[in-house]
Amino acid sequence: MYDLLVRGGQLVREGGVEQADLGVVEERIVEIAPELMGDAREELDARGLHVFPGAVDIHVHFNEPGRTDWEGIRTGSRALVAGGGTVFADMPLNSTPPVLDRTTFEAKQQAAERESYADFALWGGLTPRNLDRLPELAEAGAVGFKAFMSHSGLEEFESPDDFTLYEGMLQARDLGLIVALHAESDAITRGLSTRIRREGGTGVRDYLRSRPAIAEVEAVNRALLLAEETGAKLHLVHLSTGRAVTLAAEARARGVDVSIETCPHYLCFTGEDMERLGAVLKCAPPLRDASEVDALWQAIRAGHIDTIGSDHSPSTLDLKERADFFEVWGGIAGVQSTLTVLLTEGRERGLSLPDIARLSARTPAGHFGLAGKGRLEPGADADLVLVDLDREWVHTPEDLHTRWKFSPYLGRTFRGRVVQTRLRGQTVYAEGRFPHPPQGRFLRPAPAS
């Protein structure tokens, strides 16, 4: 007997889209066939809907413990599952204290085990003061180590100098874990910001001038050189320029172990939009011009970009309402919108449905060792997202399940809506409802092959 039998959905799999039934036993997919026979404890009619693997967001900031007034794991994970996500990996810096050792790691893990509606992995930090703690973070189950090549925005999460980064990469290599880097040149961004502010610059355009594309390109080039020299696995987060992606793709072609991430906001918005909408679109690296948006989409179609992470990083309203744009918190609330953006903008830009499933689920799960996640195959976890591809809708504040009801996507028309999300077969979201309490589990990365 099946625990769950999903009937007649259009299953989005690696090889294409097929109408089929899907059977689940003890939280896992056990069988896929055009028509399954047998009894089931629950039967779900998916005719007319597309069934995607649950999205895996490898880059979120849910700010717990310590800053739950900014977001929190409960509200952040509710928004994730409402947007079709079933797994997230939380970054180490915005919790208080940041995740720099086993004690802080386990405190975050325990909070997530209480509060999360999705399964989860956790990043550890890489800073000048915790090089000796990387082995214990690996032992605790960190999915990798996050570091900043420019100022993180928080004094308690310092950026490593090149020596620290070099040493950290050597350790990460030996531990078999990935180093994720925010790649912007600190010297360039700090120097320009100081000069522009000294001249009285406080606006959006001034902020954009303080973080030019060369700051990203220079840092990416340096990060790739360090990864090539050390043999470390490198993950470049939120790339915003075509030149940076090209550098990384060329390095990969010559054998550097590098993966490339961009974010939905770099695929949807420009610096002009930031001038129009203001603080809701402030991020670092900043938004670029339309030619860079086109270059990123071209890189996705070419297979150079591996993952799409939301980089969800909200704050309290007071931090978004500063008169000086340099003092506005730089973070975009987008965890609920990643799959929706891909279903709308991605299809318009020529992506197939299997492409979308690969970017949002299969590749991040596989690359980061999250066993059983990201695919619709026998043996995989029954993480399912039912989508009405033809439904057009306008994003309103009432749709949001984050703590703060602001998002750059409000008022935008989308095509394709998440109807239901299942985590290991159980409904965690259905048409605005969350029928069960949090049941998220901690995911340790599988050992590197």
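The backbone N, Cα and C atoms fix where each Cβ goes, and this holds for glycine too.
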Further Zn(2+) 1 ligand in Swiss-Prot, beside HIS59, HIS61, LYS146, within candidate set ASP306, ASP311, ASP318: ASP311
Of HIS59, HIS61, LYS146, ASP311, i.e. the binding-site residues, those within 10 Å of HIS238 (Zn(2+) 2 binding site) when Cα atoms are compared: HIS59, ASP311
Within 10 angstroms of HIS182 (Zn(2+) 2 binding site), Cα basis - binding-site residues out of HIS59, HIS61, ASP311: none
Listed in sequence order, residues not in LYS146, HIS182, HIS238 with Cβ within 8 Å of the centre of the Zn(2+) 2 site Cβ atoms: HIS59, MET91, ALA147, PHE148, ALA180, LEU181, ALA183, VAL237, ASP311
Residue, out of the binding-site residues LYS146, HIS182, HIS238, whose Cβ gathers the largest set of other Cβ atoms within 10 Å: LYS146
Remaining residues near the recorded Zn(2+) 1 site, that is with C-beta within 8 Å of the centroid of the site residues HIS59, HIS61, LYS146, ASP311: VAL60, MET91, TRP123, ALA180, VAL237, HIS238, GLY309, HIS312, SER313
Set of same-chain residues at least 6 away whose C-beta sits under 8 angstroms from ASP311 (Zn(2+) 1 binding site): HIS59, VAL60, HIS61, VAL237, HIS238, CYS263, HIS265, CYS283, GLY331, ILE332, GLY334
Listed binding-site residues (HIS59, HIS61), ranked by Cβ neighbours within 10 Å, top entry: HIS59
